[in-house]
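Taken straight from TrEMBL:
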TRANSMEM  58-79  transmembrane segment
TRANSMEM  100-124  transmembrane segment
TRANSMEM  156-177  transmembrane segment
TRANSMEM  288-310  transmembrane segment
TRANSMEM  330-356  transmembrane segment
TRANSMEM  368-391  transmembrane segment
TRANSMEM  411-437  transmembrane segment
TRANSMEM  444-464  transmembrane segment
TRANSMEM  505-523  transmembrane segment
TRANSMEM  530-552  transmembrane segment
Amino acid sequence: MGGAILTGLLTEILIPNGVSDYLIEEEEGLNDHNVVVKCAEIQSAISEGATSFLFTEYQYVGIFMVAFAVLIFLFLGSVEGFSTKAQPCTYSKDKYCKPALANAGFSTISFLLGATTSLVSGFLGMKIATFANARTTLEARKGVGKAFITAFRSGAVMGFLLAANGLLVLYIAINLFKLYYGDDWEGLFESITGYGLGGSSMALFGRVGGGIYTKAADVGADLVGKVERNIPEDDPRNPAVIADNVGDTVGDIAGMGSDLFGSYAESSCAALVVASISSFGVNHEFTVMCYPLLVSSMGIIVCLVTTLFATDFFEIKSVKEIEAALKKQLIVSTALMTVGIAIISWIALPSTFTIFSFGDQKQVKNWLLFFCVAIGLWAGLVIGFVTEYYASNAYSPVQDVADSCRTGAATNVIFGLALGYKSVIIPIFAIAVSIFVSFSLAAMYGIAVAALGMLSTIATGLAIDAYGPISDNAGGIAEMAGMSHRIRERTDAAGNTTAAIGKGFAIGSAALVSLALFGAFVSRAAISTVMFVLTPKVFIGLIVGAMLPYWFSAMTMKSVGSAALKMVEEV
């Protein structure tokens, strides 16, 4: 099992280094010195601004991280009065588990590990993006294919590094903690849950803090440039343009990376906690216990193969082919990952095992767990496709919103809100089906691994997501460097669509993870009374019921917008 995980880790660690060398070599081959110098100056300004923002943000985040770590230690330690005596294990009264004080200490350490890994991943993603912006601009002079390869491989570097960091730190932490806990799976994975908490806590700061800066800089640059001074977008005469490009990096790169890392860590920890009180936990089968990590390792290999499909087997010849190429990434990674999950489930899992389910024991076969992971994986594909449909200018929803601008801002706002409300319908049903099927097959453990399945191809998802801001910033650099409009067109394609796809994955996986974490708490606390909100029918009813007002509002608002549009045209 360790060999499989280490193989995936080595793949993710070596591939980014190779891609980085490739990017440096490409820059050395460029011959227009003035353009190169100008692009390098702009890139340096963007990098300096992004680094300054993250360092300032991390100063405040560091204070919170230390304070919250102290609170975790105090709260967990006080459960048993800071006891240093061993306690009977909940899954076996004949066996004694480690004292509460030790659990508090190790939980605090894992929280700090998760928080630090999230911050480092966000920072590395930012540096990679700023490293690649100008190179994408310069490569665009050679053709749209070169620009696409540079931007996409740069995004792939970020995706591989984030997934590698998350898996590597979690795997090392489990093995180090195991030296103390031994076969006490309950205590071991309870202490590991702090890793997910640390990742999600930092995701809050990265996503919200970076998002606020992103939108503030974007709106400010557009207001002072387009509205007040009548200056085109990304014009070098507007100093706020640099802040706008910095915002794309810290919000859509560092923020999105931290967000997906938080969901990735939480889903892994939830699955490990539920597994710790199952039959294969009592039987001390370490390989089976770490099945979630094996799924993530297989995702690494699958994402590598998928990346080769995008950059080595198919040539991009026009801007129109970019969006289709990114869509193929989702399809290929999902199809290959389905095969990989089947192999892992057959090799690593026993043919039959037992899962804890609200005080009862549920018999589960390994092929049922395969379906749980697969349903989450394919639900993620559906969410990605639906998001792309509602966010891409190649389809009618966005075209209708653009057409509504002919009659003024009012109809545009109405159509835009209606489109946004309508876009949640299919993803909600995809999540509902995932919850019902996975819970029916393997209880809460099924939901946890379904969430992990949705995030198993996180490297490809982040590569697609990071491509957007990298290419967008490359277009801005081309504009500020005085390059031709043709270069801008080559770099600015499909950017906003890819960002929307990444948000769809993050939000969809978060819904599954939230339920999985709640289920992990109920399972770990050995609550025998059925929690009605955790039963699949009730929870599905809650999320579908919450979606219905948006569905109804979308229909009514679009009707109002259509009527208003016709009225304006007639008058």
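Any Cβ shown, glycine's included, is placed from N, Cα and C.
Under 8 Å from some Cβ of the transmembrane segment (444-464) lie the Cβ atoms of residues 12, 125, 152, 155-156, 158-160, 162-163, 256-257, 260, 263-264, 266-268, 270-271, 274-275, 278, 291-292, 295-296, 298-300, 302-304, 306-307, 326, 329-330, 333-334, 337, 341, 355-357, 364, 368-369, 372-377, 379-380, 384, 434-435, 437-438, 498, 501-502, 505, 508-509, 512-513, 515-516, 519-520, 522-523, 534, all in the same chain and six or more residues away from its ends. If you look at the transmembrane segment (58-79), the same-chain residues 6 or more away from its ends with a CB under 8 A from one of its CBs are 100-101, 103-105, 107-108, 111-112, 115-116, 119, 123, 194, 197-198, 201-202, 205. Taking Cβ pairs closer than 8 Å, the transmembrane segment (368-391) reaches residues 291, 295, 323, 327, 330-331, 334, 337-338, 341-342, 345-346, 349, 397-398, 419-420, 422-423, 426-427, 430-431, 433-434, 437-438, 441-442, 445-447, 449-457, 461, 496-497, 500-501, 503-505, 508-509, 512 in its own chain, all 6 or more past its ends. Note on the transmembrane segment (288-310): residues 1, 4-5, 7-9, 11-12, 15, 152-153, 156, 159-160, 163-164, 166-167, 170-171, 174, 185, 189, 264, 267-268, 271-272, 275-276, 280-281, 325-326, 328-329, 332-333, 336-337, 340-341, 343-345, 348-350, 353, 369, 373, 448-449, 452-453, 456-460, 463 of its chain, located 6 or more positions outside it, place their CB under 8 angstroms from a CB of the stretch.
Nonlocal intrachain contacts for the transmembrane segment (505-523), taken as residues 6+ away from its ends with a CB within less than 8 angstroms of a stretch CB, comprise 193, 196, 256, 259-260, 263-264, 266-267, 269-271, 273-274, 277, 356, 358, 376, 379-380, 383-384, 427, 430-431, 434-435, 443-444, 447-448, 450-451, 454-455, 461, 465, 531, 533-534, 539, 543.
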